[in-house]
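Structure first, commentary second.
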Amino acid sequence: MSRAESSWKRLVNAALQRDRAGGGAGGGTGQGSLMDYVPSSLPNNRDIDAILRAADELQNEDPSIARILCEHAYSLAQNLDPKSEGRGVLQFKTGLMSVVKQKLAKREVGTIDRTQDSKRLQDFYRLYREKNNVDTLKKEEMQLRESGVLTGELERKTVKRKRLFATLKILGNVLEKVAKEIPDELKHVIDSDAAISEDTIAYNIIPLEAHVTTNAITAFPEVKAAVAALKYFRGLPNLPANFPIPATRNADMLDFLHYIFGFQKDSVSNQREHIVLLLANEQSRLNIPEEMEPKLDDAAVHKVFLKSLDNYIKWCDYLGIKPAWSNLERISGEKKLLFVSLYFLIWGEAANIRFLPECLCYIFHHMIVEMNEILRQQVSRPAVSCMPVDSHGGSDVGVSFLDHVIAPLYEVVSAEAFHNENGRAPHSEWRNYDDFNEYFWSLRSFELGWPWRTSSSFFQKPIRRRKYEFEAGRDKHRGKTSFVEHRTFLRLYHSFHRLWIFLAIMFQTSLQALAIIAFNKNSIISTKTLRQILSLGPTYVVMKFSESLLDVIMMYGAFSTTRRLAVLRIFLRLIWFSLACVFICFLYVKMLQEDTKPIYNSVMFKVYGLVIAIYGGIQFLFTILMHIQICRNIASKCDRWAVIRFVEGMRQERHYVGRDMYERMSDFIKYFLFWLVVLSAKFSFAYFLQIAPLVDPTRMIMKQDNIQYSWHEFVSIKNYNALTVASLWAPVVAIYLLDIHIFYTIASAFFGFLLGARDRLGEIRSLEAIHKQFEEFPGAFMKALHVPVTNRTFDPSHQAVDKNIVDATHFAPFWNQIIKCLREEDYITDLEMELLLMPKKSGRLQLVQWPLFLLSSKILLAKEIAAESNSQEEIVERITRDGYMKYAVEEVYHALKLVLTETLEAEGRMWVERIYEDIDASIKNRKIHNDFQLNKLSLVITRVAALLGILKENETPEHAKGAIKALQDLYDVIRLDVLNVNMRGQYEMWNNLTQAWNEGRLFTELKWPKDPELKALVRRLYSLFTVKDSAAHVPRNLEARRRLQFFTNSLFMDVPPPKSVDKIVFTPYYSEVVLYSMAELTKRNEDGISILFYLQKIYPDEWKNFLARIGQDENALEGDLRNERDILELRFWASYRGQTLARTVRGMMYYRKALMLQSYLERKAGRDGGESTLFGNNMTDAEGFELSPKARAQADLKFTYVVTCQIYGRQKEDKKPEAVDIALLMQRNEALRIAYIDVVDTPKDGISHTEYYSKLVKADINGKDKEIYSIRLPGDPKLGEGKPENQNHAIVFTRGNALQTIDMNQDNYFEEALKMRNLLEEFNRDHGIRPPTILGVREHVFTGSVSSLASFMSNQETSFVTLGQRVLAKPLKIRMHYGHPDVFDRVFHITRGGISKASRVINISEDIFAGFNSTLRQGNITHHEYIQVGKGRDVGLNQIALFEGKVAGGNGEQVLSRDVYRLGQLLDFFRMLSFYFTTVGFYFSTMLTVLTLYIFLYGRAYLALSGVGDTLRERAISLDDTALSAALNAQFLFQIGVFTAVPMILGFILEQGFLKAIVSFTTMQFQLCTVFFTFSLGTRTHYFGRTILHGGARYQATGRGFVVKHITFSENYRLYSRSHFVKGLEVILLLVVYLAYGNDKAGAVSYILLTVSSWFLAGSWLFAPFLFNPAGFEWQKVVVDFTEWTNWLFYRGGIGVKGSESWEAWWEEELSHIRTLSGRIMETILSLRFFVFQYGIVYKLKLQGSDTSFSIYGWSWAALAIFFFLFKVFTFSRKISVSFQLVLRLAQGITFLVALAVVTVGVVLTDLSVTDIFATVLALIPTGWGILSIACAWKPIIKRIGMWKSIRSLARLYDAGMGMLIFLPVAFCSWFPFLSTFQTRMMFNQAFSRGLEISLILAGNHPNSDL
């Protein structure tokens, strides 16, 4: 796209100079600049900023003028802030005057006479106009614009004119302020120039308040109609005469609302454009014919009205109140627009209150009532609610909606947010956004009155806590609303009680029914059996009673503020299920007492059965009926009856959200059948592999008595060996609870595979497939992505045109633009681009010209066929066998004739025509072999190629001679060697040719091909004749191949037909900012590896393509780039390969480019407008489409790109390089907008007052950012989570009906942008009962090639975002919003709380709550895979671990949330199952997997240490638990394999093919992907469990950079110590204990088979961080790591020391999450397991013999006390004993000798053995860890008793020991250099590995010189 380079050249140069000087520090505006950052605390800083910009531009032209402008700017600043109290004002003034005095004033000759300043300005104004030929420039621009020729010259003149008039306007404004009198003639010129200065008035998309001549958007009829519809209509009271209305427009209804409610000016302007665009888009969809006076259709108004106020209407209906209008049908169109305008003005200025959608409904409801009162008056007056209390309506001063409506709400929300102590306080102690919003779900909210009754308890603010005062202000603290987020694992049961009841019932059924089969094989069907099965009734009611009891417990903290009916409901349910529990249990017991009676005589059996049947039947019938649409409609109509509401409320909760969440019957049947398959497999597995094999061993164990225990047994004696049975069944129960997720994963993988195959995914998966099907692409493209072409059948000239030619003609410009984008992105070479491009359609060639890569070498092959064949029929048959060979021959035949006839004159042309006539005749008569020597064709081709090779060059005398010589050679060859035709028939013609040849004038007159089209044809022919190599491998770049394969494949998928481009509505998005500087790119790490080097080796072909693109040699280095533009291109090239904003912006701007191309071509195809008529018959020429005013305006109307960067204002103020980079992005992308928070410190009554503004800026013509809107906020917008708050402040600047959210780690592609309008048509497609509200989009993870870890993450992510979400959308109907890049129904979501939730901590996974909210509010979320967006993922293990920890912690918080609870309660059972197992259930199942391992190993340890295992084995009781063992091992195999393998393999097979899938999966195994996924298992388990127990979830900044850095051992230890290392060592300890005491007779094979998966898991947890650590096994690095780790371990630190610097600081941080009493109790309970080892092992010592008394265990504690005493002696603090060093050392020595002597004597004189010593250590180590863990849990108490230092010393000892155990194997492996080489090859691709090794060799010792 042509860019106005002059408008940002200085900015770029400044950035480049900083890069060369020092890597991006600074950020000013370049050398010699007068501009400085104008403090935002100055109210009118826009004017000052503009003046200084003009002074900066004019300083070299006239220093005096620059000085005058700067002095005027200084005077403005002085008037605005005389005392310089604002932040940065004093520095600004001082700097400005310094510039004036020291720089400008010195350049003026002589004494400065300021009395002449006015005359100087007047003279300069005239001179400036004359010098720049302003009037001539205007005329030239107008002539170019009227000509319709789209060239860069018009663009340059427009930019120049805008800059000149912007400067003139500033000069005129200053002159009016400075001069006392201005001549009338000059005054007239100034006014005239000011009227043309359109760009000085900032506007966003539509210049509603600016007179603009160059923006075609104002000429669109739908825009005109929308603007006219908002005009000030007759029913509105008059505005005061002094109310300011811009001269460029008339007053409208928003001005009326602005005046009466005191909305901010910029907010009103923002919403005015917003509403105009909404109306214009809706109008454009109605296909209304254009009229002279465009009028907005009533249907468009009504649709916008209903969609915008749909939530308000539903809110009124829910509360049973009437809307603010009496009758909707009687409301006029003007009134509807007035209501819509009021709502959006409220929403636009609501700030954080936008997260409270029903609160906005409340405000809107009362403001309409207030407005209706004002509408009855003749003259407008301010609304009372927006005025100060003491104003009494006497003045409009102080009218402010923000201050009087929003601010009171904000203040209480802010106070509660502060009360959460940055997320550390329990959720139950403060109100979040949902609590405030749900208050407005009841009629109690109307107690707040209007204006606000701030004395209400709702507005009561919590008393701010002091440090450590947790109870302060509780007596005045207002409780939660409707729900309390108590932190407990019981929340999982509470939210999904139906699942757990179902599993319990089915487990009981399995134990009973299946156990009946096993226990009573001879009499399965009996009265006893039936009675046992009927025990399910008591089980059900008891579990329902527990659920109702949890309802009451979980509501604690919200009873006083929740609706009384809701509180009454939970107590009534508790009473009901209490009575039901007693009644059912009583009936069941009575029935059992009648077990001697036959069933038909048992009254209790009949009563009991009847009760159960009635209850079950009613539940079943109600469930079925509610899936029938008619029944649901009847139920909704009866909903107002109190009895119906009571019954429904007793059955399930009733809230404003979550109502009517049923799907239609066909969808219900689909996901019912899916779960029927899953559950059938699950319960079959439970019977055959879990329950049945254990029945007989269990019976035998329960019958055993007098078992000899090797320890002091408390529980199992005379209790049926309960613990033994429990250790056997506990793993089975655990697997029973989690294996349903395994079967779900398998089933969803297969269903996803089948659905993908049905949708034709993966049909084109290779270049070969592209080659074979390319001729089908144009037709598929026209059908899928192109609007129908205008019907031209009335024109006879078009009737004979082949449809394929028409399709190819329209397809070609789109295909070519795709290929050009691939070249711009450096994925293909120039040669590949030439081979891939399709030529423009020529009217002179009536055939399809396919790309050269399809036709290359086809002519040469056809020549061989012609020479070898014996007949014409054989030639035709062999050539037509290859379709593209046929196309190549036809094209060459006709194109060569065209070139020769156009080039030759007279006899030469006659000869060519004669030859072609003879060839045509020979072909017709089938005599081609007789008339021509086809074996001589090679000679003809050689001569023709030589001729074309000359003709493709520019004409010169030498080339002309060469062309004549080539033609003569061709003539000779054809005449003498090829032609056999009898010349007697054309004797005269041949005689003339011979005569011309003899006279030397044949071919002397050449008409050199200069026409671009003919020139291109010559080049193409030359390539067809000369390209010998097959282009089967073009393009070679894998990413280019992938993109072309996916795009062409998507053409054949089910894509909704597109509407014309003016029907699309599209508005993305938000993100953050980064762009690599040269310093960052060239900075080397300790290995001498820079990011740039890394990228060059990872992407070698793209690096060469980049060098070729900028004109450098392919072997050039970055240091060879001297041109500043090349350096800038290098920065962008590197940034486009990272996860940077630059990459994201480029990708998102492809939407605009695609819109422009589609609009331009489709308008030409339809002959719409005068622009298309300039191009003759070529309706598909895309040249200049980016310069088309209409195309650009159309794209701007439909597309806006907002990047929300909160700290951009601070970055500008601090002159950060990031600010310059953002400005650079804005200059390169004119549709880019930046939204940011500006913090302004302004003096108020002598006190600095901080104000916050939400601002939107764009690039201006001078290379700076121009402020469009500035909306004051009620306070700091960051009250909750940062990202959603950042999105919320900027969402007011978005437009349209669709909103795509994009993260800064995402990318987009031009070919995918072409499909966006197809995607948006999905909003109008049938996707179920409800229309879609979120459109899910497929993602491609582009970081997969960076490293092996990146490929693992890429494959894992891809399997979820494609195959997984495919099934979630259909058939399960439960897909959520899992992040970006989904497309939102924007109006639906902004009127319902936004696109994310922001409450602190609970909404840390903010994205998924948008899906929860959408589903609860009757939305519908779909998934579409014909379009994709790029996405980056973390590429290093630490980054991945932090990310997964954040996600797992976020899921832990989701468990506590009201959204998950309500979805779990209100979804139907099968959708609830789908929801559970794809959200929190996945993480719970993952955690349960690890717990199953612990349960299994602790059970084995119990059998080994208690001696039960030996006893049972001695008694020859075969436990025969091979099925159990197999199930356990299979489960771990499933966890490691199925979760990753099955979806991945099926996804690979679907999209890559079977063989490639096997190769890919095998490669992953060799790269140790199983180790990685097992390691990730531990990460998710740790953070999920810890979050539910203790909280502490927080956002983790992973960096998302390139991992070329070695991670130190201490950093790995800090990150993984508690999550992996401790747990891994515990598993090893259990395995060692089982090996030592429980497997002596079972054999090694049995032990290995039973524990191999456990050993693998422990090894993965301990050593994965080092396996996947760059240079993890390099000896020098290991040595440095050990030194650094020991320094960190023993550095005691102090105040302010970070955890990365000191072990003590890190240890304190690790304990910070344990804050609550319940958390301390749970930690204590969990830590008790470590005492099992000591209890069991001490009874196994030879020293104690066969004594099993409890005293043995007591003596072990005495031994532990001795060990602790020795530890204290040897770690006695030296600081305390400085004066007693000698005594201390002597005491330590004596202690050591005594201890050694005691141990020796014990070994010699008693039964104590060396093995006992090691066993004792093995027993006491976990005991010590258990004591340590309990002490840490009760840290405050331990500190009070003075034991904390000892505990800390003990903890340091344990960490030192654990670190050494892990470090030693790593150090041992580093002795073998080949391991380091293997690791590098494993982690990185081979190109980088080779580059890394070569660089290390070339660098010598440089990489490790710091060692």
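For all residues, glycine too, the Cβ spot is worked out from N, Cα and C.
Taken from TrEMBL, the feature domain '1,3-beta-glucan synthase component FKS1-like' applies to 334-453.
Sequence annotations record features per position, and here TrEMBL assigns transmembrane segment to 499-519 (among others).
Within its own chain, the transmembrane segment (571-589) has Cβ neighbours under 8 Å at 534-535, 537-538, 541-542, 544-545, 547-549, 551-552, 604, 607-608, 611-612, 650, counting only residues six or more beyond its boundaries. What TrEMBL records for 571-589 (among others) is transmembrane segment.
Per TrEMBL, transmembrane segment is recorded for 609-628 (among others).
Among the features that TrEMBL reports, transmembrane segment is placed at 671-692 (among others).
The feature transmembrane segment is assigned by TrEMBL to 728-755 (among others).
Sequence annotations record features per position, and here TrEMBL assigns transmembrane segment to 1475-1497 (among others).
Taken from TrEMBL, the feature transmembrane segment covers 1621-1638 (among others). Remote same-chain partners of the transmembrane segment (1621-1638), defined as residues 6 or more beyond its termini with a Cβ less than 8 Å from a stretch Cβ, comprise 1490, 1493-1494, 1497-1498, 1500-1501, 1503-1505, 1509, 1578, 1582, 1613, 1647, 1651, 1654-1655, 1657-1659, 1661-1662, 1733, 1736-1737, 1740, 1815, 1818, 1821-1822, 1858, 1861-1862.
Distant neighbours of the transmembrane segment (1644-1668): 1348-1349, 1436-1438, 1493, 1496-1497, 1500, 1525, 1528-1529, 1532-1533, 1536, 1568, 1570-1572, 1574-1575, 1577-1578, 1607, 1612, 1615-1616, 1620-1621, 1623-1625, 1627-1628, 1630-1631, 1634-1635, 1862, 1865-1866, 1879, 1882-1883; these residues of the same chain sit at least 6 beyond its ends, with a Cβ under 8 Å from one of its Cβ atoms. Here TrEMBL flags 1644-1668 (among others) as transmembrane segment.
According to TrEMBL, the feature transmembrane segment maps to 1750-1770 (among others).
Marked as transmembrane segment by TrEMBL: 1782-1801 (among others).
Residues or ranges marked as transmembrane segment by TrEMBL: 1813-1833 (among others).
Annotated transmembrane segment per TrEMBL: 1853-1874 (among others), in sequence order.
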Reported mean pLDDT - the domain '1,3-beta-glucan synthase component FKS1-like' (334-453): 89
Folded-back contacts onto the transmembrane segment (1853-1874), same chain, C-beta under 8 angstroms, at least six residues removed: 1609, 1613, 1617, 1621-1622, 1625, 1662-1663, 1666, 1672-1675, 1677-1678, 1682, 1685, 1689, 1703, 1707, 1767, 1771, 1824-1825, 1828
Contacting positions for the transmembrane segment (609-628) when only residues 6+ beyond its ends and CB under 8 Å are counted: 534, 537, 583-584, 587, 635, 651, 662-665, 668, 1468-1469
